[in-house]
Every structure is written in C-alpha cells, then in structure tokens.
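Let me begin by presenting the structure, written as structure tokens, before commenting on it.
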Amino acid sequence: MAEVEESGKRKRKLAEEPDSISIKCPRRDSPVENDDKTENKCDEGQTGDGNTLHHETESEEVPKKKTHSEDVAAHYNKLEEVGLEQRSTSRIFYLRNFNNWIKSVLIGEFLDKVRQRKQNITVLDLGCGKGGDLLKWRKGRISKLVCTDIAGVSVQQCEQRYQDMKNRGRQNDRFFSAEFITADSTKELLSKKYRDSNMYFDICSCQFVYHYSFETYEQADMMLKNACEQLSPGGYFIGTTPDSYQLVKRLESSETNSFGNEIYNVKFQKKGEYPLFGCKYDFHLEGVVDVPEFLVYFPLLEDMAKKYKMKLVYKKTFWEFYEEKAKNMEHKMLLQQMKALEKYPADEGSRLVSQIKEDYEHAEMFKKDGKGKLPFGTMSKPEWEATSLYLIFAFEKL
C-alpha cells in the first residue's frame, strides 16, 4: 500500500478502494485507467513535506522560468473552439458527455437544495473555462453569476457565450446577471476584484480545476479561501477532481511509472513517494491539451476546509454517483438527451467509437444475459477507465 509523506516524518496511508463496476460498464481488472485538464511527480526542488523550494534570486542572464499557473493559463488560452460536428467524431465523445451529465446532475441537485430556502441564488463558477456550464446556470434559474478563470482568452469566450445566450433569449426572459474575472485563484484574493466586495454566494462550483492548486499549501489554501470564505451559511462548495486513491492504486499496480490506455495516460516521476503538496503528474487525454496536475489527498482537503467552517456532506466516485443517480427517471432521461452513453449494439450503418471488440466485452455479456431491452446505453472500456479516475464532492458552510 502506498504512503504519503507528511512533514518528512509522519506518513499517511492512501487507502485502496474496491473496484465496483456496473454490468453495463467495463470492469477494470488491470491497472489501467473533464472533462478537461493535468504532470510529473514531486520534482527535485522540494522539501520533505512536499512544498516546492523557490529560489530567492535569479541571474539577469537567465530568463525567468514560467510558473505552473502561467503554464496552465498559456495552455488553455491556446485551446481553440471546436464545433459540434468535430466533437461528435471524437474518440472521447461519450466520455465528455458523461462527465457533463455528472456536472449537470450535481449542479441541479444542489441548486434545488438552496432553492428550498431562498429564490435569488448567487453562484461563483471557480475555473469557468469557456463557459461550458452557463446553460446549466440558466436552467437552474439563478440570479447572479461570477465567472473566473486563470486563462484570459477563456474568460473572454465565456463572456461572449453569455452575451450570445442572452441575446438569443426572449425579451421577457428572466436572465441572470454576470461578471467575468481573469485571475489566478490560487494566488489572488477574488473578493478584491468583485464589483461588490461584500457579495456572498450560495454555491461555489469548481469543476475539474481544484487539483491545480495543490502545488503548495499556500496555493491550495488561497483557492479554498476564494471558494468558501464568502459563502453564506448553508451555502455549498461543490466540485469534481481526480481521485488520489485511484491514481496511486493504479500507479502502484503498474510495472512502470505510468498507466493508461489508448485514450489517456498518467505518468509520475517515480512511485512510493507522494508529498501532500507539489506531487505532480503528467496527464494526457486524447484531444485535450496536456497540463500538469497535482495529487489531491482528499482527507487533507477535508481538514483544510474546516478553517473556513466547511463540512464535507457528500463525496462519491463517478461510478458511485452514476449508480445512485441513474435510478432517477429524470436523470436517466438526461443521460439519453445528453448522449452520455453509447448505444449498443450500434444502429445499422453506424459504428461504435472503438473498433476493438474487447472494448465492449462487458456490453456483449449484458446483451447475452438478456437482462435489458436492446439497444441499451454503455461506454467503451477505455472511456470508462478514464472517467472512473474522478470523484465528486460537496462541502456545506456552517
């Protein structure tokens, strides 16, 4: 069992979680695996407790090295808009849609919780990207939205998407107000940038982003402060992030310093040492720009959140969340509407996203067992291995 270094002396064990896969979803017996985003393990310039060592001075002749935050911003600023037609031919088309379904259900359920006690809901979208969740906020009938991201180009595109959506609406439509902020939420205090510095939120949503902050304690704490300090009592901090248990478990089961399959790959510098902060790994997902990510030891995040009067009220792996929510007819219909699962067998004249027979062994077994009507929804084994790396969390402000 792998261990996590803490202050160079004490160690915390990363407990392994048992695999549990739906009969409609591929079972992962081998050590393989945004929505969106991920680099190497704990570099040389680090202390025993995992904090990165920073040089105080630099020679004038040596160009200043880009910080990790600058690398993240540069990578996402380079991403180009992809049309619907191109997305539909992607090898990870259903993976993306499934992750989007996860977010839709998560956001919808917590908006409903808030709406039980108030109607005018204010939301902070922390790491908004290009505005992929704008429609979710509109459908959630919120009153106010603050979108922030480190990538300025993405924020501009998010604002343009908001304006386009607003312009397409009917004149009498109730539409939420919004403001857009370009900032590094791991280093800058967002409240100083709000139009109203005393504004409070009912929900902070942080989707596939928080792991970038675990480069240092200071950055992880600043991100938490931005997410939680101005939440109203009873407000929620919700999000999705890679599951450190799965990452370490699959790494330790691998014969090398990496694991993955034909659509994704995770590479650490070495095994066995996992500092609480600054533990980088390279993550590659087909069709997505590679960005360094950091391991998030969730019990530590839970402990850090107490500083801001936050209590963990919900934590599930993507698989557990799917198994729980897909029983709800409304959520099940949404799976179909969002094309979050692939139709199996494929329609005549259509092709499955993978032409490898083994990628659908689980679906073929389900079909032969005659346990459901044909066709049914499934996901290729490589896609399932990738999406099952993630978990969902929700903290409540006390």
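Every residue gets a Cβ built from N, Cα and C, even glycine.
S-adenosyl-L-methionine binds LYS103, GLY127, ASP149, GLN207, TYR212 as TrEMBL records it, and from the list ASP164, ASP184, ASP196 the residue named for this site is ASP184. The CA atom of ASN99 (mRNA binding site) is located 19 Å away from the CA atom of TYR212 (S-adenosyl-L-methionine binding site).
For ASP184 (S-adenosyl-L-methionine binding site) paired with GLU293 (site 'mRNA cap binding'), the C-alpha to C-alpha distance reads 15 Å. Put simply, the two farthest-apart Cα atoms among LYS103, GLY127, ASP149, ASP184, GLN207, TYR212, the recorded binders of S-adenosyl-L-methionine, are 23 Å from each other. In this view, GLY127 (S-adenosyl-L-methionine binding site) is surrounded by 26 other Cβ atoms within 10 Å of its Cβ, with every protein chain counted.
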